[in-house]
Amino acid sequence: MHLLPVITAVALIYTPLASAVPSSSNPQFPAALLTESNSAALPTQEWHSPRLWTRLRNSIIETIWRVPSQQRHPSRIKSPASSRKAPASIRARYGDDVVLRFTIQSQSDIQALVEASNILFLDIWASTDEWVDIRLAKDVVPSLLGLLPSSLKAASVPVIHDLAQAVYESYPQPSSSTPNPHRAFSPSIRLSSEAQNIFFQDYQPLSVMTPWMRLLASMFSTHVSLISLGTSYEGRDITAFRIGTHPMNPDNPFGQRKTIIITGGSHAREWISVSTVNYVAYSLITGYGKSKAITKLIEEFDWVLVPTMNPDGYVYTWETDRLWRKNRQENNLQFCPGVDLDRTWGFEWDGTDSRSNPCSEDFAGDGPFGGTEAQRISQWARNQTMNNNVTFIGFLDLHSYSQQILYPYSYSCNNIPPTLENLEELAIGISRAIRRTDNEHYDVSSACQGSVNSGKKKQGPALKRMESAGGSALDWFYHDLHVRYAYQLKLRDKGSYGFLLPRSNIIPTGKEVYNAVLEFGKFLLGKEAPSVDWDAEFQVSDPSRPISPDNEYHDRDVEHEALQQLDDEDGEADSHWVLRTQRS
């Protein structure tokens, strides 16, 4: 039986299609977004020209920071031609915004970008040990460059030339409703080549996703239940799958339950994280009883999968602003709502610098657990451990983008996690599993830092990561809830599309994380893992490509680690993939 098409079809039948739209006041199916003539159906809100503010800001910057006025010529970044033009309502919201990538070489480069971004209230999209992506309007580019040292002025390239057009093209298209029979299917069930994953052919709004989750839970009630971790600021349920052999019985006779929690959608605009959690959930649910590996994992562990920890923000990205990041709660500034749900957790909460500004993208709230959803989820987790005989042993927090696997701590590089070696070992295994899927490379490092590489030579010590901060879910689950294996996975891509990842990446990214979850579970099983042929369960995006043996990658890793040791000793060796950590 082709389960997913049936589930999706029923979910769609019982869900008014109008609710899947980008406008709560003018409900239409998303296809209405796709033509210029229907541009009125696109997300709209009152919009005021920023020109006066831009001129005032530029004047202040020019006076205080002595930016030469001749630098204020309009940016010459050109937009690529497109046969489908973004309508006026999208242009009104995103204007002439672009995304620039800066190559960083030193800690001073990072500090300069942080300070300039805070001054100009810019949106930092992503950062790694080699680059930083920043969103800004074209006419702000000269102001930014004027605040940066000479080393950075020539170190930037446009990643997205026309953000408004990119946003427009990221919404579901009419063609996406026609399934492609050649698309990949569930990694946990070997269906026929004609199987079609309708649900994963495109991103889904909450109004479609929630009925789909309910239907899936009702069809597999022997090992699945739908639970609420609390309610959001606007009153929506924070819904999750609980998967296990006895999820409906909190007083089970089998003793304490080891539980793994996988979350997505903390930042509303990171749609790929939401789809990926759903993909992994579907694979686990439908694989039980058919896949030996999945059956073993569900019998040994309980799994809690939360597609979106930020349902209000997620809905807002569909109805109003595709690039909204925070939740939607009110704060002291009515015109700057929202709290960054990955900066508001209680452990080492930090409300200084830009995190104290309600208009900042990383506003941490007025205090620890100032974000409603983070507070509710933490209360649920505490209650599970204290009253429901649950021990959380694993935490995977999915984000985008930049293809990284990060482990604690995020708040500081000065304190080393007591289980560092185990965290590193499993992180390397996860990266290896992802690489076996489709040769995509995910870097591994501490969440607080990276290392700078130039060419083939190691250049200097590890750097503090630009995005590192206190109050992260990663640190709270690891330190306060004592989850031994806690990670943040930053999914595809490495910046070509950023948060606007095309729908064609949904299934490949889902497969990568599915294989990562297999590796995660295999590692936690320990001595019991050899009883299952894990290689038989691994999937690749290209079925014609044979799966490389796990030991092949292990041998490569050993070789690279040996090379890095030589590099540390005499500075001559080169390592392409090395885990660098700061141990003091």
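Glycine is no exception: its Cβ is also placed from the backbone N, Cα and C atoms.
Summarising the annotation, Swiss-Prot assigns signal peptide to 1-20 and lists sequence analysis as the type of evidence. Feature annotation from Swiss-Prot assigns Zn(2+) binding site to His267, Glu270, His399. What Swiss-Prot records for Cys336-Cys359 is disulfide bond, and it gives similarity to another entry as the kind of evidence. As annotated by Swiss-Prot, region 'Disordered' applies to 564-584.
Known features from Swiss-Prot, placed on the structure.
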residue : record              : Cβ neighbours (10 Å)
His267  : Zn(2+) binding site : 26
Glu270  : Zn(2+) binding site : 27
Cys336  : disulfide bond      : 14
Cys359  : disulfide bond      : 13
His399  : Zn(2+) binding site : 24
Inter-residue C-alpha distance, Cys359 (disulfide bond) and His399 (Zn(2+) binding site) (nearest angstrom):
22
Compute the mean position of the Cβ atoms of His267, Glu270, His399, which form the recorded Zn(2+) site, and then list in sequence order the other residues of that chain whose Cβ is within 8 Å of it.
Gly264, Gly265, Ser266, Ala268, Arg269, Ser273, Arg325, Asp342, Leu398, Ser400, Phe499
To the nearest whole angstrom, what is the C-alpha distance linking His267 (Zn(2+) binding site) and Cys336 (disulfide bond)?
16
May I ask for the distance between Cys336 (disulfide bond) and His399 (Zn(2+) binding site), taken between their Cα atoms and rounded to an integer number of Å?
23
If H, G and I count as helix, E and B as strand, and all else as coil, what does DSSP give for His399 (Zn(2+) binding site)?
strand
